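As recorded in Swiss-Prot:
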- 1-150: region 'Intramolecular interaction with C-terminus' (REGION)
- 1-116: region 'Interaction with phosphoinosides' (REGION)
- 1-21: region 'Disordered' (REGION)
- 20-105: coiled coil (COILED)
- 151-222: region 'Intramolecular interaction with N-terminus' (REGION)
- 155-180: coiled coil (COILED)
- 177-222: region 'Disordered' (REGION)
- Ser196: phosphoserine (MOD_RES)
Amino acid sequence: MSGLGRLFGRGKKEKGPTPEEAIQKLKETEKILIKKQEFLEQKIEQELQAAKKHGTKNKRAALQALRRKKRLEQQLAQTDGTLSTLEFQREAIENATTNAEVLRTMELAAQGLKKAYQDMDIDKVDELMADITEQQEVAQQISDAISRPVGFGDDVDEDELLEELEELEQEELARELLHVGDEEEEPPVALPSAPSTHLPAEPAPKADEDEAELKQLAEWVS
């Protein structure tokens, strides 16, 4: 029977505990031992006080108290050692459980990675990249062909076009010269129209004024 089997009271043929069950059982046992430690410490303190109480008054009782104290201290030391062993076992199982979980996770990741690349190899990748490059070149050639100007009317005589252009330039030059000649002729001078208002009457001569004054003076004398 293994150490764990003896600890949990299981036979050889019985299935061993899972790591979680073992950890839980160890924690429960640790709690029991901790309570035992507290009890032993209290009993040791009581026996120490009893030995002090009897002292020289009752030497026999004092010695008995010290003997009991000594046995309790031995039990406490054994309990401390057992508790340390259980803590070590529990920590070892916890670490093993953690490592096992990490290992399973890494194994799953490796399987997933293997599955992702199971249909791929370097030759297929090179072939795929070559196909992509070829298709890009074809696409570029098509784009260049589409953007190239189409040569409709390439069979037209170039000299004939130049002659027609020269005729158009001559006609345009003739129109410009005619327009310039019209601008150089002086327009007819427009005469001002006769004024519509009447001119003021001219003042009477100076002689008529004198004659009128003399006539007025003669009339006054008579």
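Positions of Cβ are set from backbone N, Cα and C atoms, glycine also.
Below 8 angstroms of C-beta separation, not one residue of the same chain at least six residues beyond the ends of the coiled coil (155-180) sits close to that stretch. Under DSSP, residues within the region 'Intramolecular interaction with C-terminus' (1-150) fall into helix, strand and coil as 126 helix, 0 strand, 24 coil.
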